[in-house]
Each structure stands twice: as structure tokens, then as C-alpha cells.
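Swiss-Prot lists 1-25, 90-104 with the feature topological domain 'Cytoplasmic', giving sequence analysis as the kind of evidence. The feature topological domain 'Lumenal' is assigned by Swiss-Prot to 47-68, with sequence analysis given as support. According to Swiss-Prot, the feature transmembrane segment maps to 26-46, 69-89, an assignment based on sequence analysis.
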Amino acid sequence: MERYDKASLNAANVPLPEFSQNEGSLVATLKTLLFFTVLMIMLPIGLYFSSKVYVFEGTYGMSNRDSYFYAAIVAVVAVHVVLAMFVYVAWNEGSRQWREGKQD
């Protein structure tokens, strides 16, 4: 298979757009999304089991049934905190990119 460069593919000699600024923005956005995706999965599950075993059953001496209930509440609160953090970061990232684009 032959390798083609930009000049040979651009027969009309129209300048090709460069996406280097957008690619950096896209990579940063994907890193943020990946971070919050991992956090959304790991934090509630980890808090559920650790709070069930160590806090509710270990420290407070609750029954198995009660500890399930309260650990689920802790996990749901953790999900909402992660979602709120994601919205905050995404909002600030979008407004920062908008301000940088407006100044150009």
C-alpha cells in the first residue's frame, strides 16, 4: 500500500486545516472524561464495601441488613458528588476555552 502525503492528496492545492489546537483540547477533554468515569465506577463501589464492613458493621455494630441500607446511601451520595464535580469541571473548562477563543 502506498503512503500518501497531504500535498499529493490535495489536488486542488487548497490549504488543509490544522487541528493542533483542537487536538490538545480534545485530549484534555478525554482525559477529564476518563478520570471521572473511573472515579464514578471505583469510588461508590469502594465506599459501599468499606463503609459497610468497617464503619457500619465494625464501628457502629449494625446488623448485616442495616449496614446494606446505609452503605447504599453512602454510595448514592458518592455518585452525586462525583457528578457534581464533573459538571463543575466541565463547566469551567468550557468557559475557559470559550474565553480563550474569544480573545483570539
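Note: Cβ is positioned from N, Cα and C throughout, glycine not excepted.
Through the fold, the topological domain 'Lumenal' (47-68) approaches residues 74-75, 78 of its own chain, all at least 6 residues removed from its boundaries and within a Cβ separation under 8 Å.
The DSSP breakdown of the topological domain 'Lumenal' (47-68) into helical (H, G, I), extended (E, B) and coil residues amounts to 18 helix, 0 strand, 4 coil.
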